[in-house]
Amino acid sequence: MKSMDKISTGIAYGTSAGSAGYWFLQWLDQVSPSQWAAIGVLGSLVLGFLTYLTNLYFKIREDRRKAARGE
């Protein structure tokens, strides 16, 4: 049989997750569809920019390795 501390820990985590889920859904209801569209556009632009910076970083590292090897 499970010990009481494991049962109470599970109940506490379940209650916390349920409460967080409830408040998250309440927050989602306050955002209008046009605001979600703006969030989506801005999010995709930020993600594209981060992808560009990551690619640039690894290209610079590759170029430095090639220069160090004399290629």
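Every residue, even glycine, has its Cβ placed from backbone N, Cα and C.
What Swiss-Prot records for 1-6, 59-71 is topological domain 'Cytoplasmic', and it gives a curator's inference as the kind of evidence. What Swiss-Prot records for 28-37 is topological domain 'Periplasmic'. The transmembrane segment annotation in Swiss-Prot covers 7-27, 38-58.
Each residue of the topological domain 'Periplasmic' (28-37) gets a DSSP state, and the totals for helix, strand and coil are 7 helix, 0 strand, 3 coil. Residues belonging to the topological domain 'Periplasmic' (28-37) score a mean pLDDT of 89 in the model. Break the topological domain 'Cytoplasmic' (1-6) down by DSSP state and the numbers are 3 helix, 0 strand, 3 coil.
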